[in-house]
Structures are given as structure tokens and as C-alpha cells.
Amino acid sequence: MSAIRLDGVATAAAIKGELASRVEALRARGIRPGLATLLVGGDPASVSYVTGKHRDSAEIGVESIKVELPGTASMADVERAIAELNSAPEVTGYLVQLPLPAGLDEHRVLELIDPAKDADGLHPRNLGELVLGVDGPIATPLPCTPNGVLELLRRYEVPIAGRHVVVIGRGLTVGRPLGLLLTRKGVDATVTLTHSRTPDLAAEARRADIVVAAVGVPGLVTADWVKPGAAVVDVGISRVGVTESGRARLAGDVAPEVWDVAGWVSPVPGGVGLMTRAMLLENLVAAAERQA
Ligand SMILES: Nc1nc2c(c(=O)[nH]1)N[C@@H](CN(C=O)c1ccc(C(=O)N[C@@H](CCC(=O)O)C(=O)O)cc1)CN2
């Protein structure tokens, strides 16, 4: 059996097409959505992700503003940059690229972002609304990678309601909020959130209808971890060398043999990473629509 590819490139392109129409409608009303990024330091992966976010913004007609601080920046430098972004009228939404260099307080930084401009959905108030299940007329921005995972599954009509999802990894940007999203009313999955101290990860994963791997251990999920026909979503991205053309060689958490057992697989590269960027733009455009 060969699994159906959950194609993040094609799906993100379709979403960006939809968003471009919404941006055009905003611009016709004189509103110009603007995305800013704050990058501290020069971590190559972070530089590449931020570059991708600016490229995507340009594709859909969103202005983008790059703020960069050196890796030696102090908390006071970061706080000053955030205060400026909070008050800049041309910035509809922004994000602080994570992880921050050692010594900077990530939680404090996220708290300082104006929740109305939180393009990442990681401000404690917005995460709190996800915990509370606030589902009002004004949509709260959702964390981009978990929302990207959910949107990818939905667009490929992978059954979710009533299914058992095993999430591997409990980090702030993926595992933890993904558990909340998947158990929302209307999504209705049953979730097991596993982590490095879970005694038998393989046994947990084998019980799942959907496995989401987000740990950054190349090839961790092997064929014997996967129930035949299950969906396997690979969120881990590790840099494991360089290609002949000098680019970083990327590997996911899912071993290639899994494609022979699973019903659906999202690849790395070309899967959830692109969806993360598309969901960021969804948050940004929704924020501009709200502010309008
Ligand atoms: N502020 C944030 N920081 C981080 C987040 C986040 O959602 N907000 N998530 C991750 C990294 N991430 C987003 O910033 C991210 C990861 C991967 C990709 C992506 O485009 N992946 C491509 C490969 C790109 C490459 O060549 O390196 C793919 O998988 O095909 C985009 C964004 C941690 N930090």
C-alpha cells in the first residue's frame, strides 16, 4: 500500500489564493494589511522560516516589515522592539520568531505582544481563549502549526471526529495547543498527548487513527508504530547535512517505510511547514478584517 500524500505545497497555495482575494477586498477599502517579523540572532533555520514568511506575504499582497536584532540583544532591546511594533500603525500583526537566543525570556516576550496583533496565536490571552473554548463571533488567532495540521487533514477529508489521535511532543508551538484544537467541539477527536517520558511510545502510536509527530528526532516513527491505514502527520524538521547544491538536507520524524503502511502521510519538506506559513497569513488577514 502507498499512502496518500498530504501535500502542503498544493494546499498552502490554494489557501494563499483564497487569502489573496480577501487582501484585495481589504485594499479596495483602503486597508493595507502589514505583517512584521522580529528575528533575534542568526539561527539559519529561523532565518529561512522568516524569509519564507516574507515571500508568502508578498505573494498575497501583504506588506511585510523585517525587524532584526543581533544575537547579543538584551531583554530591554527586545522589549523596546516589541513596544514599537505594538504601536506601529502599518503593522496589522506580527510575530517573534522562536526559539529566542539563550538568556531571553520567551514567556515574557510573548506576554508583551499586543494580543490584537498576535499573528502567531501564542499570546497567553489568545492561548487562554483556546483553553476556555471561547468561540464567539470574533475568532481568536490560533497557533499556526496546530491549525495547519488540522486544516491539512480537513482538506484531504481525513476523518477526525470520534477518531483517536496520538500527538508525540508537548511543546508550546505544536503538541500542547494541538491537543486543545483537536478536542474542541465540532472537531471532536480523542487525544493522547505523549512526550519523552511516555513509557511505550510505539504502543501508544499503534493505537492511533492519526499520529502527529513533533519531536525533531529523524525517523523516530517507523512502520511498526503505525496502524495500517492510519494518517501520519510529520511536524518534525531536522537539518541532517547539506545537499549537493549546498542547501540544508531536511529530515522529518517519520521514517520513509511508513508510506507503505499508512493511509495518508504528510512529507518533510513539503507538508506542515508550508501550512504553518499559510495559517500565519490567515491570522494576519483575519486581524486586518477585524481591525477594519
Ligand atoms: N514564532 C514562531 N516561531 C516558530 C514557529 C511558529 O509557529 N511561530 N514554528 C516553528 C518554525 N516555523 C515557523 O516559524 C516553521 C517551520 C517550517 C517552515 C517551512 O516552511 N518548512 C519547509 C522547509 C523550509 C526549509 O527549507 O527550511 C517545509 O517543511 O517544507 C516554516 C515555518 C518554530 N518556531
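The backbone N, Cα and C atoms fix where each Cβ goes, and this holds for glycine too.
Taken straight from TrEMBL:
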| type | residues | note |
| --- | --- | --- |
| DOMAIN | 6-120 | domain 'Tetrahydrofolate dehydrogenase/cyclohydrolase catalytic' |
| DOMAIN | 143-291 | domain 'Tetrahydrofolate dehydrogenase/cyclohydrolase NAD(P)-binding' |
| BINDING | GLY169, ARG170, GLY171, ILE237 | NADP(+) binding site |
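Positions of TrEMBL features highlighted on the structure.
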residue: GLY169; record: NADP(+) binding site; CB count, 10 Å: 23
residue: ARG170; record: NADP(+) binding site; CB count, 10 Å: 18
residue: GLY171; record: NADP(+) binding site; CB count, 10 Å: 16
residue: ILE237; record: NADP(+) binding site; CB count, 10 Å: 21
Request  = Restricting attention to the domain 'Tetrahydrofolate dehydrogenase/cyclohydrolase NAD(P)-binding' (143-291), give the mean pLDDT.
outcome  = 97
Ask   = Can you give the largest Cα to Cα distance in Å, as a whole number, for the residues GLY169, ARG170, GLY171, ILE237 that bind NADP(+) in the record?
value = 15
Query = How many helix, strand and coil residues does the domain 'Tetrahydrofolate dehydrogenase/cyclohydrolase catalytic' (6-120) contain under DSSP?
reply = 60 helix, 19 strand, 36 coil
Ask   = Per DSSP, what is the residue count of the domain 'Tetrahydrofolate dehydrogenase/cyclohydrolase NAD(P)-binding' (143-291) in each of helix, strand and coil?
value = 54 helix, 32 strand, 63 coil
